[in-house]
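Chemist: Among the features that TrEMBL reports, Fe cation 1 binding site is placed at 61, 62, 94, 95. According to TrEMBL, the repeat 'HEAT' annotation covers 75-115. Residues or ranges marked as Fe cation 2 binding site in TrEMBL: 234, 235, 267, 268.
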């Protein structure tokens, strides 16, 4: 059940997210954003949509992510306008396209198809995956999965709406013994790394490996950081942020420290490290907050990641605490 708030509380969240005072730190704005996401109503969509006037690409990409996770068609007009804006940062446009896929309305397909030849590769690839996601949702497997999710006994390992569903057999529930064998992991690793396959199929292998979650599965996922697609690599980093496995820390630190890597990938690695919150992570996050040569999106991601690190190690009850609510809401920062 989504929490309810008063008009006064809603105004507090709006002022925080939109930084109307000019004094709200970015990490506090993120907490307000995820509080609004948890409301899942027209007011939250309206307020989140206002944030696209901000100058921070990191914040705007997170706004798009949250609108997709709310999964309300009322958010489609603003997401479409973001995708259509050629002057917007590609990281934001890609996230808007992904959110359209998460909302999964057939009418979005023609719009997404318009950008399959976009000048930016991450936008092109995201539109390809979003179209495949919408089409999968309309298949028998997709429809059966949606119906199964209505059952109160349905076990969903992760609450996020993913760009692609996990490979068949690993869609939900605890993996069966045969699904976590080294043979199965090797098979999924091969699918993950096979650049001749459609990206949607490779993403399905990626989320299947996430659902397995073992150190061997983490190693298989980390092999994907050798790919030449920034979009693909940033999604692996996001998955590591969901898994919260200390086993992934060395590969994530390597990505963050690689100045030749795409900012989109490094930003996702930083936020994953903040969520994992092991002691060795902290110096690296502090370094990239302080470095003069840090790209803006990397610096801002490390600032948010430091707040996540402090939350994970503080014993605080709730990350999305824009109103100091006592309702626990799972958080995946994109």
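Cβ coordinates come from backbone N, Cα and C, glycine included.
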Chemist: Restricting to the repeat 'HEAT' (75-115), what is the model's mean pLDDT?
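Modeler: Over the repeat 'HEAT' (75-115), the predicted model scores a mean pLDDT of 98.
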Chemist: Using C-alpha atoms only, work out the spacing between residue 268 (Fe cation 2 binding site) and residue 62 (Fe cation 1 binding site) and round it to an integer in Å.
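Modeler: That comes out at 11 Å between the alpha carbons.
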Chemist: Tell me the Cβ contacts of residue 94 (Fe cation 1 binding site) under 8 Å, same chain only and six or more apart in sequence, or just say none.
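Modeler: For residue 94 (Fe cation 1 binding site), the qualifying residues are 61, 120, 122, 123, 125, 126, 231, 264.
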Chemist: Taking 62, 95, 235, 268 as the binding-site residues to compare, which has the smallest set of other Cβ atoms within 10 Å?
Modeler: 62
